[in-house]
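TrEMBL annotations:
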| type | residues | note |
| --- | --- | --- |
| DOMAIN | 15-57 | domain 'PAS' |
| DOMAIN | 87-138 | domain 'PAC' |
| DOMAIN | 176-211 | domain 'PAS' |
| DOMAIN | 266-338 | domain 'PAS' |
| DOMAIN | 341-394 | domain 'PAC' |
| DOMAIN | 395-465 | domain 'PAS' |
| DOMAIN | 467-518 | domain 'PAC' |
| DOMAIN | 519-563 | domain 'PAS' |
| DOMAIN | 663-885 | domain 'Histidine kinase' |
Amino acid sequence: MDNHEYDVLQNLIAENGVYRPLFEHHPDAIYVMDLDGNYIYTNPAVLRMSGYSLEELRYIDKRLIFGEARLHFRSPYFQQVLQGGSVQYETEIYHKDGHAIYLDVTYAPVMKEEQVIGIFGAAKDITSRKQANEQLMASEERLALAQDIAGFGCWEWNLDTQELTCTDKFFEILRLGHDSPQIMYRRFLSQVHPEDRTLVSESFRKALDEGHIHVECRLTGQHHEVRNVSIRGRMVEVVPGESQRVLGTIQDVTEQRLMENLIRESERQYRMLSDTTMDLISTHTADAALNFLFASPSLKKLLGYEVEEILGTSASSYYHPEDYEVVQIYLQSILYSQEQHTVSFRFRHKQGHYVWLETSGTYTPSKMEGISGTVVAVSRDVSDRKFAEQQLLESEQRYKSLVEYNPSGVYSFDLEGRLFNLNPVAEIQSGYTTDRLQQTHFTNLIDEDYQTAAQEHFNKARMGMPQNYDTVLVHSSGNRMEVNFTNVPIIVGGQVTGVFGIATDVTENKRYLEQIQAISEEYNLILSSVSEGIFGMDTHGRGIFINAAAARMLQLPREQFIGVPVQQSLVQARADGEAYAAGQNPVALTMSDGISRRVTEDVFFRRDGSSFFVSYQTNALYDREQIIGVVVVFSDRTNEKAILEAKESAERAAYAKSQFISLISHELRTPMNAIIGMSELVQDSPLNEDQQFYMEIIRQNSEELMRMMDDVTDVHRLENGNIKLEERTFDLHELVESVYELFLPVAQEKQLALEKRVDQEVPRQARGDMMRIKQVLVNIIGNALKFTDRGTVEIIVGVSHISREHGMLIHFRIIDTGIGIPADRLGELFQSFSQVHQVMNRQYGGTGLGLFISKNLIELMNGTIGVESREHVGSTFYFTIPLKLVDNEQ
């Protein structure tokens, strides 16, 4: 490079050079090199980005920056630039401290009299964006350019009188006061700038021939200020005999012309810089509107707008409403300090969504007369960073809500079991603050008898397996608390980094349930032993329960009372034998108004027609403050000698009844309603995998309760003959297979062999009630698996007596190697609520209804059922049912 070229470059980047102000405040690295690649100038961003000063870059071994492999990487690009072209590429350099930086580099020639005298370089740090693979969506149809409608003044020119009749806006534009709307044409012409009067006069004259006028001129005000106006008009057709007139408008376009001048000036200043950067470079008017004067081509990629669409519009009209005040405060700070500042805000994309921008702005006073100055802004898209910050904030808030406001105690442990955090409930449970328990092993809070088991559960949890168990916490005061403890692994980046412990106090619940069970058993014994008759009926008048004394006195078996309208089995009358009017007997009245009534003497009639004197009391049965039935407690007063004893007994029974009904209808339902309600709330909330596991436990137990309720319903329907068989064609083999698949996981869990064998002679298609057959199989196979702890459960299906007329007999046999049934207890099977193994029932559970339901269903299908069993050896349940053949099987 010769000295002249070097001097030109030095002048360009001198303190008072053309480009120096732009380079110094630009966030990207900007530098100038001579034709040999030597650095002549670097802006402050180079030092921030690379760690090297200009002096260091001039003399340092380039291999420290570019590495051995990329030492000559720039050479081809240099050649392109030296030939007058621009080039952009991505590369990797090394910071002064040794870490790698990825850059988006642009080279452009510095021209002087059509000769390349140097190289201009701009580098953007794209390290944080290196992994980004999404780009902004291509913009859709261009939105119409939003601009304010300029105010117009209107006028009417009478060619005969040479008067102009004008609006107030006309006089306002001319800066003239007025008492009337008329002004002489020559008065208007006197306001026109002397250099433009001939042009205006000629334009108005041509309007007579051409029928229209359009002219722009300058007006001079009273204070000699000059404004640019646009005048338009058109001849108006008139009735013969009337004066010719021209109607038109005048518009002040001074600001528009100034704006156009500013735009041209801004484009000239920033064209080279803006064309080589990925960020949005823009200039704005230095006022609240921040009208766009210039925008770099990156506007299209960043925000979807063409440059032409946005010029002249107010930047503030694109701000998110919540960010308007932030930007205005930012604007005031740069106007008064005239220093570079940075602000983040949301800008509306052309497609309608908002993009987060981080903008660095500088106020530059203008040298143009009438313009206070401009704001130069460099903006970049930081949406990804803002989204990540929002995600982090929401995650922290969710964590705080889960831990700090959890009604259970939440303990945080490291992998060694040392405590490092407790929520407020945990501090109450333990009696310690977080500071007191820092680095304390969790077993110090566990009762000695439970420490070994708790440690085993913790070890599994830190291996990634959630745990749930009951244990005992020891309060700082020495008091013990029974809790249900859940250990959940803390997983970060796929690795277990700690364990959460969630402790729920179950001390009162356990005591409460034990108390309810004891009271319930006590009241059942009382109801069964009292001599008073007690029965209940629902709001439909059907019997719902009856004790032994009532059944005996009424000579009415229990099964003929439950579910049957009471008026069919019990008739009552007044003591004098007169019948009650419809709905007026004490039982019906209590059912209606809920008021308890005591009748000292009345008459009950048995089903055989005989009668006896009774005294009784009625009480409403409530559920959630709604009457669901009536309980009647009565005693036989036929033997007057026993009246006093019966009265005393009735009072005891009434008290027992009242306590029992209160307990069942309120005390038991209240906690159950709470459990069900809270379960529904949890299921409606977002759940992770561990929470799904816990909810599955609730679901399984709920299904078990539902099955028990279904059994009770079926018993009720069977006793009343309300079950009807639904005959349809079904695949018998698929039925057996579906039941087999249903119980296979249960057998595998108990390590039992579940086998099935369907004889080849068994037809595939049959007609019958498939669902009831499946119900019987499920009951019997379920019992077999329940009472078999080792060995095999086998399902065998055979057929006999196949004929077109009579169908076929299907034989089912379920053979197990379970605990068996004592010979003297076989007769108790197939009875409702009958359980042969009363002691073992505590282990295996169940209601004793399954076989009773199965027997009644088989008999309803005209089949037979039986059992063969040896205690400690196993049992074989078998049943045979007739089924119809399907035509293709025949």
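Count begins at 1; order follows the chain as displayed.
Cβ coordinates are placed from backbone N, Cα and C, and glycine is handled just like the others.
Bear in mind that TrEMBL entries carry predicted annotations, made automatically and left uncurated.
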Exercise for review: State, in range form, which of 15-57, 87-138, 467-518 has the highest count of Cβ pairs under 8 Å to the domain 'PAC' (341-394).
Suggested key: 15-57
Practice item. For the domain 'PAS' (266-338) and the domain 'PAS' (15-57), decide whether they are in contact, meaning at least 3 CB pairs lie under 8 A, counting pairs 6 or more apart in sequence. Key: yes
Practice item. Check the domain 'PAC' (341-394) for me and report the mean pLDDT. Key: 81
Review point. Using DSSP, how many residues in the domain 'PAC' (467-518) fall into helix, strand and coil?
Key: 12 helix, 32 strand, 8 coil
